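**Q** Okay, here's the structure, questions in a sec.
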Amino acid sequence: MSFALEETLESDWVAVRPHVFDEREKHKFVFIVAWNEIEGKFAITCHNRTAQRQRSGSREQAGARGGAEAGGAASDGSRGPGSPAGRGRPEATASATLVRSPGPRRSSAWAEGGSPRSTRSLLGDPRLRSPGSKGAESRLRSPVRAKPIPGQKTSEADDAAGAAAAAARPAPREAQVSSVRIVSASGTVSEEIEVLEMVKEDEAPLALSDAEQPPPATELESPAEECSWAGLFSFQDLRAVHQQLCSVNSQLEPCLPVFPEEPSGMWTVLFGGAPEMTEQEIDTLCYQLQVYLGHGLDTCGWKILSQVLFTETDDPEEYYESLSELRQKGYEEVLQRARKRIQELLDKHKNTESMVELLDLYQMEDEAYSSLAEATTELYQYLLQPFRDMRELAMLRRQQIKISMENDYLGPRRIESLQKEDADWQRKAHMAVLSIQDLTVKYFEITAKAQKAVYDRMRADQKKFGKASWAAAAERMEKLQYAVSKETLQMMRAKEICLEQRKHALKEEMQSLRGGTEAIARLDQLEADYYDLQLQLYEVQFEILKCEELLLTAQLESIKRLISEKRDEVVYYDTYESMEAMLEKEEMAASAYLQREELQKLQQKARQLEARRGRVSAKKSYLRNKKEICIAKHNEKIQQRTRIEDEYRTHHTVQLKREKLHDEEERKSAWVSQERQRTLDRLRTFKQRYPGQVILKSTRLRLAHARRKGAASPVLQEDHCDSLPSVLQVEEKTEEVGEGRVKRGPSQTTEPQSLVQLEDTSLTQLEATSLPLSGVTSELPPTISLPLLNNNLEPCSVTINPLPSPLPPTPPPPPPPPPPPPPPPLPVAKDSGPETLEKDLPRKEGNEKRIPKSASAPSAHLFDSSQLVSARKKLRKTAEGLQRRRVSSPMDEVLASLKRGSFHLKKVEQRTLPPFPDEDDSNNILAQIRKGVKLKKVQKDVLRESFTLLPDTDPLTRSIHEALRRIKEASPESEDEEEALPCTDWEN
């Protein structure tokens, strides 16, 4: 029967979840019934005393003060049923005394207004019901007035009462009450029943102790658990509730109290909807309803009763389950029973001693395994069917899309949408195929495991019997070995297919990677996953070869056993009794020839199996070598990556240091420029605020300051005199700017020049002249003071103090001429060889010497000696490189000699080479060109595209190609290099 037909037949059926109405633990519930005169209905309230007690206990642990206050309120003497203390204490949880609410009081859960007449539950204390306490018992039997109970869910009064009960709870022995007296209107005790939880007398202490246990963590953590429920019910509503409860349990049919007749039709308009009842009738009816609800709770359970009374909307998912899940559970139960049956039979082997019993047990095991295989097949066929349908649907839909795209005239948007849909269906088909393969692997795992358990049990039985006794079971053992190898082989081949699919998916993902920040890292991760899959594939293929070898070994053993039986077969010959018997000798010879031919066939088959087993062994060694090579290459790749990372880390550390120094220099230069700008702004502001004010020091103060400076730094001057002919000192006091101006005298005062212009002029002069350090330092004037900036960019004066010399100071030279432009680079054809370079070098040195002295003075103030030395070294290296390049070029020498006219070139006559005897003109490109064949011009765009498609242009593409190459090296090539093993014997 097909699945579609089964769904059609079972469409009108529903599946109810098993154990849907089971309760995890028993709780104590209290029903309170009262009459609402305004609505004319019964107000039914239910309290979960167990949950309230648990909640009050947790609150008691949180705050002991609230418990003490509630205990004080409970001891005020208001122990009546209407008080909160009496309602929350355990003693008040199961009473059944008739009481009535005194006056009108609104209740939010019952009605908008009115005076509810409530029946209170008072627990008869065992001490009160004892013979020595008749007065208290008679006081319980008399109706009393009490306050109404608010019908709110999880009311605060109940919580406070629960806390009071927890604080002032008596001993457990005194609180264990299991029965309640039912009191009639006249005050006589009619019977004793259990109202809250209808348990037996001997079960009451156990139920109470269970109820007083702390709640589980899940219940304490759920703050939304309801402890109270309330509702208004008319007579008709209560009859409908009774019918539903009777459909669950028919024992409740005679338990519903008799309600008065309700007027119907026009009588409801004239006389109202509710019948007229006295207070005594109302109290009696309320109490009977309370007893009925308690009995219904004990008969049907809280879950059904609460759903019937207080639940408005039911979720069908809570009760029903789908038919597919039900059918799957049925298949799983059948499979579980088959497994249990096989396990029972395997356990019987320990007590079996005779071979006859063991053979019977083997036959039963074969039947049990066949039933297990059948149940497993049914289950997995059912599980595979949706994926097969999805695969077929996807293939059909893709075929329709292909036909539509080929035959219909569609626009670009429609074609694009169809292509997206085709890709979606292809993905769904691929996922269905993967699910089918996974389920196939699970199926063969179950069957192979069962077969192996049976085979291992039989091998254990073989040790208990001798060779002669075991000969009867040898054939079954060979069949079992063959079946185990076959099932394991099929399971391993299914695993191999799954791994190949995953490998193919990884390879496609590698090839579809696009450029990005995470592309290289993703490629490395995919390659690592591919390596793990490849190792798993090696293991699976090794197991496949091992199973094939076991199959061949089982066939060889059976063939060898047949050959030995044929050879050991004894033939007895009798004497001839007649002439006809002698004539039958030819037939006997023919039968012997047939036996010999059959023996030869068996031997030939054994040799073939031996050859196949040898090839399997060779393939196993090949796979082992490939696995070792794969592991070695992977380890080498990991080591190389580690080495590259270490090198990169080392280089990166150096680079980080360089970048850090560079950042510090930039930050320092920015700070210097900022301070310089601030200083210039201050100077400009000062000049604008105080124009023409110049403060000059007297001669006496200047001489005293010079003597102090000379006495303070004699050691520093001696050190500088040893290394350089002059000392560059920067004075950081701003007062010496005026002093430097005085030293120059009035004859040397020039027009004021800004600091920026002075600095730019000195820079250009240094770049143009590039004087050597010796010329600069030796030819400086004796004393030159210029207003400059030190490292802190404060106004200061730079003073150059030369060594003590007997020569008098010379007057400053005139201003220098502008620096000459740099010479243009000489062309190669006009170069005159190394002689010209040697002539130019002294001329350049002479020019450098002829540069005026004062031209280098400002640059010497702006740059220190190390920068001048580095500039001079760069000039020397550039000149040496030019000389080396010019000398080392032989073509330059030839051109120079041609220019000088040393020798002349001779025109060479064109000579034709004789063609090769074996070469054709069609294969010679030069011959074709001479004949006038035109070559095809290559387009630049095509050439550019061909170069852009090279794999080495993009690092990601290059990495992908390298990963694919490594994957190809790691993957086994045994399927291409060696022929596949003919394994049709066990594949069929």
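Placed from the backbone N, Cα and C atoms, the Cβ positions cover glycine too.
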**Q** For which of Ser58, Ser974 does Swiss-Prot record the feature phosphoserine?
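**A** Record lookup, Swiss-Prot, feature phosphoserine, residue Ser974.
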**Q** If you look at how Swiss-Prot annotates this chain, which of 324-360, 398-434, 879-915, 916-952 comes out as coiled coil?
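**A** That would be 324-360, the stretch labelled coiled coil in Swiss-Prot.
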**Q** So one of Ser121, Ser133, Ser512 should carry the feature phosphoserine according to Swiss-Prot; which one?
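**A** In Swiss-Prot, Ser121 carries the phosphoserine label; others show none in the record.
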**Q** Look through Ser222, Ser713 and state which residue has the annotation phosphoserine in Swiss-Prot.
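**A** Checked Swiss-Prot: the phosphoserine annotation sits on Ser713.
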**Q** Which range is it, out of 593-614, 681-702, 967-988, that shows up in Swiss-Prot as region 'Disordered'?
**A** 967-988
**Q** From the DSSP assignment alone, can you count helix, strand and coil residues within the region 'Interaction with p300/EP300' (478-567)?
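**A** Per DSSP, the residues of the region 'Interaction with p300/EP300' (478-567) fall into 83 helix, 0 strand, 7 coil.
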